[in-house]
């Protein structure tokens, strides 16, 4: 079986796809990827072939003034880029899995439709499921997508002999999307009919921590992790400054993740250490708590490690209410949610005191034992099954 895995999004959107590709290859399938150029090195690290498509997602990797692939002003270019690059990558494939940016997903599904092979759209958080939206919201998304890039999509579809399509939001997501999220952290609701929950897609990380980080960890009390991942809006640096001040006020040391915002330490104090690319699976087992943005991946890794969390709402995007995982952490009793995008020192200090209380730490340890790690295996088996059922008939 040969599978094409595609996506256009942040590191948090992409890492699960890499995990699935690696697992498929372990099971004997041939997996290849189409991703933005940001992820060439990551795919090379795990030995998965990748075709780079379009412009970089990370602001620091783009030219000054160059718009991101999600900008409305460049959406027709994004559609053209994906229709241009996907055909060569999808040739000979038996199935396609995608996530992320809708214009790219619609192009990918069109190619799968042309070949008559299974297409699966994946979301990483239940609040992104179509079933979680009202009909009015879905109508709005469909109308907006059709207006912004419907003509471009249908022009490219016509060029490969496909009929026009409308309601592009529904078309890209399908009526049976996959949810690649752990059922404890992200349970389905009764209204999520048709959704297939596979469990989270996690790639075991065996990379050692750097000697410098090991020395810092060994040199004093257990630190608190502060990081905001792929968030790079101006408020991210301010949120990090507030978090550092709050942790210092508690008398604890800090490991700061540089992230896509290129965060820097406020001074050269010996109580802080900054990291770039790092094995969070290993690091989270060595810290007292994690202060982070509302991220599916970071939240899950902290839960698996059994450490308390302080999750800041709306750091990533203050327009879209990105607060699902912050609220789930609070509901599960494994941490505290605080309002962003720039929380106050007082709110963070109070949250840190609460999160480090014995009952929260005990609850975090208990919940860690319930987190599954077999999501990629479940998804791979679903693909094997789909290919055997939906494989197109070859004319005699």
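Glycine residues also receive a Cβ, built from the backbone N, Cα and C atoms like all the rest.
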Completion exercise
Joining 10, 11, 12, 207, 277, 278, 293, 294, 295, 296, 297, 298 at the dTDP-beta-L-4-epi-vancosamine site recorded in Swiss-Prot, out of 230, 232, 250, is 230
Completion exercise
Among 127, 133, 141, 169, i.e. the binding-site residues, the one with its Cα nearest that of residue 298 (dTDP-beta-L-4-epi-vancosamine binding site) is 127
Exercise for the section: Rounded to the nearest Å, what's the C-alpha distance separating residue 296 (dTDP-beta-L-4-epi-vancosamine binding site) and residue 127 (devancoaminyl-vancomycin binding site)? Just drop the number here, would you? Expected result: 11
Exercise for the section: Go through 278, 296, our binding-site residues, and report the one whose Cβ sees the most other Cβ atoms within 10 Å. Expected result: 296
Fill in the blank from the handout: Cα nearest residue 10 (dTDP-beta-L-4-epi-vancosamine binding site) among binding-site residues (127, 133, 141, 169) -> 127
Handout entry: Between residue 127 (devancoaminyl-vancomycin binding site) and residue 278 (dTDP-beta-L-4-epi-vancosamine binding site), the C-alpha gap once rounded to whole angstrom
Key = 28
Handout entry: Of the binding-site residues listed as 12, 230, 278, 294, the one whose CA lies nearest the CA of residue 169 (devancoaminyl-vancomycin binding site)
Key = 12
Handout entry: Site extent for dTDP-beta-L-4-epi-vancosamine, whole Å (max Cα pair distance, 10, 11, 12, 207, 230, 277, 278, 293, 294, 295, 296, 297, 298)
Key = 25
